[in-house]
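Engineer: I'd like to ask you about the structure that follows.
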Amino acid sequence: RPCGRPPPGPAAGSAPGPARPGTKRLPRAIVVGVKKGGTRAVLEFIRVHPEVRALGTEPHFFDRNYHRGLEWYRSLMPRTLDSQITVEKTPSYFVTKEAPRRIFNMSRDTKLIVVVRNPVTRAISDYTQTLSKKPDIPTFEGLTFRNRSLGLVDTSWNAIRIGMYAVHLESWLQYFPLSQIHFVSGEKLITDPAGEMGKVQDFLGIKRVITDKHFYFNKTKGFPCLKKSESSGLPRCLGKSKGRTHVQIDPEVIEQLRDFYRPYNIKFYETVGQDFRWE
């Protein structure tokens, strides 16, 4: 080549190689909560569906990154065809005061999925996860109570506060009707994954493609795994951090927490018209 010039590249503005089909779109459905409820399982299970494309990481747009703007948010999304639904999940949205209004301002038609689980079990799971990262934190009992002998629970501790589902739901119902919010039982997701995912598919308005044949029960982990994942024909289980053995908690502490959560649970059941049988 004369003068050692580099070979001619593509014309300005043209994309190298074949363009990938589809368009990056804002999500039509968001898994908004709750942490340690089973949100990762719901995301991994639903993305097996050919009509669903899901963002694998949590973008935290409506809580931490809102200042970056909707175009930044859109740029993170996977490409979809007209027939496909874009889904993302960030479980902290459910307990973020500003999230309902911000999502409503993006699209009042957004479908919301909330994966809930017995709040006592959820709190212990949350604590177990934190303990694995910070071994020197105080005991579960120490963090749970402001005064244990009086049974005063510390509702400022996030692990406790997240499980007060009825309180957080009020913020969402100011912007979205119940018909646009679907509640997944974290317990049934383990015992009957196909049944729970069937309801999720109905809610999203897509055909029931994900059925019993997609799951097998992993005895070691204690929850269902996919026989085939989206990207390969190999079985797919959730990561090592899922199915972690919980810290042993004094049964009396568990009983006190059950008493604390009972009125919140009852109000939650009444509001959503669904009994999750956490008692």
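Positions of Cβ are set from backbone N, Cα and C atoms, glycine also.
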Engineer: What residue among Cys3, Cys225 is stated in TrEMBL to be the disulfide partner of Cys237?
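Structural biologist: It is Cys225, per the disulfide annotation in TrEMBL.
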Engineer: Please report the distance from the Cα of Cys225 (disulfide bond) to the Cα of Arg40 (3'-phosphoadenylyl sulfate binding site), rounded to the nearest angstrom.
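Structural biologist: Cα-Cα, rounded: 12 Å.
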Engineer: Which entry in the list of recorded positions, Lys36, Arg40, has its Cβ near the fewest other Cβ atoms, using 10 Å as the limit?
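Structural biologist: With the recorded positions Lys36, Arg40, fewest surrounding Cβ atoms within 10 Å: Arg40.
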Engineer: Which number gives the other C-beta atoms within 10 angstroms of the C-beta of Cys237 (disulfide bond), all protein chains shown included?
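Structural biologist: Taking all protein chains shown, Cys237 (disulfide bond) has 18 Cβ neighbours within 10 Å.
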Engineer: By Cβ count within 10 Å, point out the most packed of the binding-site residues listed: Ser125, Thr245.
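Structural biologist: Counting every other Cβ within 10 Å of each candidate, the maximum falls on Ser125.
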Engineer: In sequence order, what residues of the same chain, 6+ apart, have a Cβ less than 8 Å from the Cβ of Gly38 (3'-phosphoadenylyl sulfate binding site)?
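Structural biologist: Result: Val115, Arg117, Val184, Gly186, Leu189, Ile190.
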Engineer: Nearest to Lys36 (active site, for sulfotransferase activity) by Cα distance: which of the recorded positions Ser125, Cys237, Thr245 is it?
Structural biologist: Ser125
